[in-house]
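Q: Quick paste of what Swiss-Prot says about this protein:
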ACT_SITE  335  active site, proton acceptor
BINDING   38, 39, 43, 185, 187, 335, 362  3-phosphoshikimate binding site
BINDING   38, 111, 140, 187, 366, 408  phosphoenolpyruvate binding site
């Protein structure tokens with residue numbers, strides 16, 4: 001009887017993931033269902049909470065981050081059914097009707113929860129809110145949303161000159177703004193648009209490049225009056241708005257699919273079908289880069305579900321080649337850069353990633369961590385101020401590596417370990433549950 005390829009070991013309330021590829025080689029075949037899109041799940045819960053009437057959400061991500069969002073909005077008066085089934089019911093309380101909570105709102109590890117919620121809290125006059133998060137979130141920059149909100153008249157206080165949580169918010173009647181964001185960030189854009197829902201007049205956000213547009217699509221579906229100018233990367237909300245509850249079907253998260261897209265590309269003999277993947281054009285940078293690297297990808301059964309394009313994606317093993325990733329495409333694949341770094345390790349030539357300094361202020365410094373941990377396994381990666389330089393292909397060797405409690409690091413290292421010689425131990429692998437609770441189980445099933 002052969003030993004299992006993927007095993008979990010509990011160590012002092014942490015979980016180590018041990019991956020030991022067979023000496024005869026490994027191939028991955030079969031169908032994969034991925035969890036609901038995290039970005040869309042957050043927004044469905046939030047808009048459902050502030051809409052009039054009932055919102056039904058199907059396919060919601062049941063990970064830790066949406067639980068944090070639901071918990072916060074329950075504390076402010078919204079009724080949200082338990083996040084343990086495929087059908088979640090949200091009974092909204094209407095725009096401007098969030099109640100002052102009796103305790104601190106805890107966003108957990110979720111930057112999306114904290115940043116988007118700030119736009120709503122700041123626009124609730126005569127109510128006081130305090131927001132915190134875990135140690136990772138308390139170290140992530142919040143000034144990028146606080147500064148534009150303050151320009152609208154918001155009163156927000158925090159550590160390090162109002163840039164770090166915990167944050168205290170005294171709700172105000174805000175003024176409209178035309179904000180030119182220095183970075184392309186869906187969280188910044190969404191925060192300001194959510195604040196603008198309650199403001200008399202036009203609130204506009206202009207970005208230097210296109211960021212993901214899930215908020216715009218969903219706000220329109222819920223009845224908000226939006227104007228979008230794709231030429232100038234501008235979005236305007238006309239307030240005050242009235243939102244009405246909707247039925248939202250959440251597609252699979254392309255950021256979660258990315259791990260299997262790379263695994264199928266780099267593990268010899270692999271042939272995977274990933275079902276029900278959201279292919280919103282503001283998120284498909286991962287597909288464009290993998291195709292540029294020579295990946296064998298086929299989009300099947302393309303369709304639209306509640307305003308979001310969806311497809312099944314087939315990926316087969318191929319010989320990858322290096323490429324350059326920079327400029328306007330980076331905001332469209334920012335969360336996928338850790339797993340693209342893994343792909344680059346096995347690609348012929350030198351892959352250069354630039355304009356990705358945003359990764360230094362995620363759940364971990366993802367540029368530094370991916371360079372350090374993959375180099376530990378034998379990769380040839382040079383860290384740049386805003387990216388990475390990766391020379392391949394190399395043969396990775398099993399090692400002891402750490403997720404730094406960052407879900408995307410944990411899963412990226414697990415995929416790298418599939419193509420390494422000997423055993424790899426990934427410390428604190430339980431972090432994967434933040435966005436993909438079934439990741440380790442799916443990995444075990446594929447490797448049987």
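From the backbone N, Cα and C atoms, a Cβ is placed for every residue, glycine too.
Show me how these features fit into the shown structure, please.
A: Long-range Cβ neighbours of residue 335 (active site, proton acceptor) (same chain, at least 6 residues apart, Cβ-Cβ under 8 Å): 255, 258, 408.
Of all Cβ atoms in the protein chains displayed, 28 besides its own lie within 10 Å of the Cβ of residue 39 (3-phosphoshikimate binding site). Classification of residue 39 (3-phosphoshikimate binding site) by DSSP places it within a helix.
Following the DSSP three-state reduction, the secondary structure of residue 366 (phosphoenolpyruvate binding site) is helix.
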Q: Relative to the Cα of residue 140 (phosphoenolpyruvate binding site), which of the binding-site residues 38, 185, 187, 362 have a Cα no more than 10 Å away?
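A: Of 38, 185, 187, 362, within range: 362.
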Q: Return the maximum Cα to Cα distance in Å (whole number) over the record's phosphoenolpyruvate-binding residues: 38, 111, 140, 187, 366, 408.
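A: About 19 Å separates the two most distant Cα atoms.
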Q: How many Å separate the Cα atoms of residue 366 (phosphoenolpyruvate binding site) and residue 187 (3-phosphoshikimate binding site)?
A: 18
Q: Which is it, of 362, 366: the one of these binding-site residues whose Cβ has the most other Cβ atoms within 10 Å?
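A: Buried the deepest by this measure is 366.
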Q: I need the CA-to-CA distance for residue 185 (3-phosphoshikimate binding site) versus residue 111 (phosphoenolpyruvate binding site), whole Å please.
A: 12
